[in-house]
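Working notes, structure below.
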Amino acid sequence: MHPLLRALLGPWELRWEVLLPLALFGSLYAIGWMRLRRQSKTQKVASRWRLAMYYLGLGSIALALMSPIDWLGTQLLTMHMVQHKILVMVAAPLIWLGNPYPVALWGLPFFARRLVTTGIAGATWLRAGLKAITQPAICWLVFTFTYLAWHDAVLYDLALRIEWVHNLEHLTFFLTAMLFWWPVVNGAPRLHKSMPYWGRILFVLAFVPPNAIAGFAIANSPEVIYTHYTTVPRLFGMSAFEDQMIGGAVMWVWSSEMMIDVAIIMLGVMSLKERKRKQKQAEASRAAQKTPSEQRIGQVEVAR
Amino acid sequence: MRCLDRSLGRVQRITLQLVTLCLAIATAASPVSAHGGGTPQIVDAPAGPYRLFAWTSPDPWRAEELVHVTVAVTRVDATGQVFPITDAQVAIRLISEAQPDQALTFFAQPVSAVATGFYEFDHKLPGDGLWHIEIEARGVEGVGVVAFTMVAEPAAPTRWLFWAGGAFVAAIGALIVLQAARQRALRREQTGQKQPVGRQGARPAFRIER
């Protein structure tokens, strides 16, 4: 077996700082989901697919931060890039698809639920502040800036050398990714008017050029940018330089492809909605074109 | 357990099961004390039949604080392929320049089942000044020794002043919030104003979409 594959199949690492928040948010969601399902089994807020999406999102965080990927990330740039992609491109959108705000809210005890809803739904400074900092343009800028800034050679090496900086890097990646995906998935709480689908397509596609440029620059650099990887043993049959080429390609291709996929899905949803709208319009115009006698016959049939 | 199951509601039961599951995962997972790399001190240094790597943290070392040393023991075969040495005995000797006759010797432990060939140790550094660190890796292929020096700074001043300052600021903040709330309630009472609708009694947090 290849040493990298063997390492990937190795045991997971215990990290309380990851496990406890995951258990807390997972429990809140589970309780809220069951409470909502008890009220109605057919409602949209707590559906089975949303439950699956949410737990897949939490599972992705666990995979990124507690599986051997985490340790391998300190040895291989490629695995570190994979870890970051899982956090920002997989976990964050999956969690939003789970519709966490209303469901987890019902998992809270009554007083806490009222406190949160008063803070977010009422005319409070919290809502005003959140509304100001979650403008889609600001979300895009904050995520893109954070994402690119951490790829600076000094910051990246610092994160690999000092554990708390490494944790901060992952936390800011994940939180800003949540900000980025918020207007795209249009998750609750909805503090702003929903972005039109074409706007969301532009929003995600606008991330492709900066990401591709950064990934391309890393993959094609004539020297090793992240010097930390020249100070670790090359146990997986890849030189630091080869590793950097693959790592840069992962950053460049995975994120760009993800954004293009999302844009295609949005296009599909947009055309589906447009078709439905046209269908409704056609039905309405057909009903209007019916002669008075036909309408009378229709009314008689309905009366029967 | 069944009796407990019967006395709990469905929600509480599932929560209990989730917490148990998390604890089970936590117990099954291998505990690792440090997963950050540290500052490289020795990089691919030949030591007998081995090639050694060593990282230290924190940066800088400070007296009376925990210091961490990670060592990687590898071997390179004729084709240039690097292998981790998983069954080495790694001894770390700390020799203070001030007391060279009182060397501290420790045996580093394997980091985890995933980090094969990596060994680590933690120790509270007894004093500041220049420290000479010797790493000896012993395995079936032979023995290899490398050494480097570290400068440890004097112990940091006690932090109680920092915490006391933090507690004082928090207490002042809490007092301001309480005072504001009391004054607001008083003003309401004086003007005979009713509480806003949103704060009266139970109200659904949001309406369920059907």
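Please read every residue number as a count from 1 along the shown chain.
Just so it is clear, glycine is given a Cβ too, placed from its N, Cα and C backbone atoms.
TrEMBL annotations: computationally assigned, not manually curated.
Pulled from TrEMBL:
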| type | residues | note |
| --- | --- | --- |
| REGION | A:280-304 | region 'Disordered' |
| TRANSMEM | A:18-36 | transmembrane segment |
| TRANSMEM | A:48-66 | transmembrane segment |
| TRANSMEM | A:86-111 | transmembrane segment |
| TRANSMEM | A:132-150 | transmembrane segment |
| TRANSMEM | A:170-189 | transmembrane segment |
| TRANSMEM | A:201-219 | transmembrane segment |
| TRANSMEM | A:251-272 | transmembrane segment |
*Going along the chain, which residues at least six beyond the ends of the transmembrane segment (A:251-272) come within the CB cut-off of under 8 Å?*
81, 84-85, 88-89, 93, 151, 184, 197-198, 200-201, 204-205, 207-208, 211-212, 214-216, 218-219
*Using a Cβ distance cut-off of under 8 Å, indicate which of A:86-111, A:132-150, A:170-189 has the most pairs with the transmembrane segment (A:18-36).*
A:86-111
*Most CB pairs under 8 Å with the transmembrane segment (A:86-111): which of A:132-150, A:170-189, A:201-219?*
A:170-189
*Mind checking which residues of the chain, 6+ beyond the ends of the transmembrane segment (A:201-219), have their Cβ under 8 Å from one of its Cβ atoms?*
136, 140, 143-144, 147-148, 151, 180, 183-184, 195, 225, 244-253, 255-256, 259-260, 262-263, 266-267, 270
